[in-house]
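Worksheet: one structure, shown below.
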Amino acid sequence: MDPAVLMEAIVEEVNCPICMTFLREPVSISCGHTFCHSCLSGLWKLPGESQNLSYTCPLCRAPVKPRKLRPNWQLASVVDKVRLLGFCMEMGLKTDVCDLHKEQLTMFCKEDDMVTCEACKQSPEHEAHSVVPIKDVAWEYKWKLQQALEHLRKEQEEAWKLEVSEKEQAAIWKTQMERRKQSIRWEFEKYRQLLKEKELPCQQAEEEAAAAQASLEQEKGETASKLELRREAIIRQSQVLWSMIVELEERSQRPVRWMLQGIQEALNRSESWTLQQLEPISLELKTDCRVLGLRETLKTFAVDVRLDPDTAYSRLVVSKDRKSVHYGVTQQNLPDNPERFYRYNIVLGSQCISSGRHYWEVEVGDRSEWGLGVCVENVDRKEVVYLSPRYGFWVIRLRKGTEYRAGTDEYPLLPLTVPPHRVGIFLDYEAHDISFYNVTDGASHIFTFPCYPFPGRLLPYFSPCYSIDTNNTTPLTICTLGGEG
């Protein structure tokens, strides 16, 4: 076999399957595969690679216990020898003697970037060049190597951050895409059920559902392809970066004569290398969950919700008709009755809900912060509260002007294209359904809490939050809808 081909085959065997360069601190896992310790540890830290501390081999996907990583010292020794052998073959330095003059290689030609002997210095090829003793430039180039490595390692850190960020963003997008898919299915099913109960035709709703699902699948495929191309580009950059780092590290550890051969060309490549910033991809979902006609159907369950002033935090000002609330300039002198919230800017509705379907809308205007939903009647009103169904709250919130979130244990970010100025809330007590809609853009679906049995009577929940800026002074106002019961 050709020695070069044989060498290439050997190098492949001692490459890490993740970074595609020589194994560094190789560790073997229970399935028998071997990786760089840093590559494996870094991969398992990325979002989505481990769920509930369940890890898998990147190659065969066999389950692996992360604490069972075994250092492979014998393979590490083999890798070092292969590195040295490959370096010698690449540099073409079989001995320390000049092939032409049979003299020791003791000089370095800066222009030609190569080691020479004393006789070469006098030859026509080098007579006008700066040819200096190796010992005079050894430390200079070792220092340059370290500077170049420092630069590349900083770029490597940025590349790693980019890869982690990309993986996190892709994971968030996949979660949002799955939620949108579920929302479309559930909302159209809800609408079909309501139409059937009213003995109205469902064909148009079924056609709209199929069109929405097809649109979402097309969007999913297009975005997934863009993400994959971007991921491959990031990996290619990382691999080039890794190979340059490995090359310079190898040089820094070799005898001076071998270190200097071709060093300037390697330094030039590393010093000019910078991480390329890729064109950003929009991960904003374009396919809305909007059911035409649903709002008109929900309005048939409209109720006349009014605020209960006895529950309002002392800084909240409730209007005389009990239909709006805003954060007051000063604290009011109000009795600390058991119903009143002591710590938080919360006020509840006065009507308890223990059965049936109910719908109401709230004008939030251009406020930068608010909270809406329902809570159980017996929530703690004096101590710290946690806005989660686990603690009796089904609430969505706006924070910092653009951050829409649902009050669950995961506290997910809600991707809204159009900021809602009016929010619709639908509660189906028997179906354990509490859903929110953006009335501003035609009643697109905002969020539905996972089906969770209500533990008791419920009350509408309102929070205008603080008037921290000029965009948070508009009152929260309960809207009047036709057909209120």
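Using the three backbone atoms N, Cα and C, a Cβ is placed for every residue, glycine included.
Looking at 93-134, 219-260, 261-302, the range tied to zinc finger in Swiss-Prot is 93-134. From the options 16-61, 384-429, the stretch Swiss-Prot describes as zinc finger is 16-61. Per-residue confidence over the zinc finger (16-61) averages 73 (mean pLDDT, predicted model).
The most densely surrounded of the binding-site residues Cys98, Cys120, judged by C-beta neighbours within 10 angstroms, is Cys120.
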